[in-house]
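As written in Swiss-Prot, here are the features:
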TRANSMEM  39-59  transmembrane segment
TRANSMEM  65-85  transmembrane segment
TRANSMEM  93-113  transmembrane segment
TRANSMEM  119-139  transmembrane segment
TRANSMEM  151-171  transmembrane segment
TRANSMEM  213-233  transmembrane segment
Amino acid sequence: MDAFYSTSSAYGAAASGWGYDSLKNFRQISPAVQSHLKLVYLTLCVALAASAVGAYLHVALNIGGMLTMLGCVGSIAWLFSVPVFEERKRFGILLAAALLEGASVGPLIKLAVDFDSSILVTAFVGTAIAFGCFTCAAIVAKRREYLYLGGLLSSGLSILLWLQFAASIFGHSTGSFMFEVYFGLLIFLGYMVYDTQEIIERAHHGDMDYIKHALTLFTDFVAVLVRILVIMLKNASDKSEEKKRKKRS
């Protein structure tokens, strides 16, 4: 999904039609853009609900895997190919993509539920709080300085993808895997801020595609949630192993 994220980000940048001049525009958020943001976040909430349904379906029916991931990527590609004015169709495709993404993350969700269900709740709440804080920071900022993070974040994402590719070929240790997780978490937390301000700037330039913008934020949210969940599971597993060792000794 990280690979497709970089593809979708590049697609959006090419289609937006705005350049360096937009970075120097520090206008306050207009009422029209505020209404657009409300629609974006409402759509995001619905997509997250659909993703939760997908995760539940995996826990109940064990449907998540490579097929659902490919289906999710295919759905997102289909979404980009549908004209913007076909809102109902694109909204339905977004929900299908979110559901398939939830099913794809389902194995990790099930692992967390089987180990300790409180970890899942804590990870989701932590992600929601982080998302809310970083989003608010991006919205209330008077200057759009966070847009300048785009090049740095893109470079970081490229490094992350390269590390994952190298690990798939040469293998990796637990230490290198956790480095990828923490590094990826840092990158996608940055994207939460960057994407929010980019959405605002695009809206100021007439891009009111709330479905595409909701998809961008949905991808950020899931990427952060997965990494926080992995970190919490690893820490909980280490503590459990340590307790077992103490009992044996």
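Just so you know, glycine gets a Cβ as well, placed from its N, Cα and C.
With pairs at least 6 apart in sequence, the transmembrane segment (39-59) and the transmembrane segment (119-139) have fewer than 3 Cβ pairs within the 8 Å limit; the two do not touch. Most Cβ pairs under 8 Å with the transmembrane segment (65-85) belong to 93-113, among the candidate stretches 39-59, 93-113, 151-171. Only pairs six or more apart in sequence are counted, and the transmembrane segment (39-59) with the transmembrane segment (151-171) gives fewer than three Cβ pairs under 8 Å, not enough to call it a contact. If you look at the transmembrane segment (213-233), the same-chain residues 6 or more away from its ends with a CB under 8 A from one of its CBs are 1-2, 5, 8-9, 12, 36, 40-41, 43-44, 47-48, 51, 76, 79, 94, 97-98, 101, 105, 108-109, 111-112, 115, 119-120, 122-124, 126-127, 130-131, 178, 181-182, 184-185, 188-189, 191-192, 195-196, 199, 202-203.
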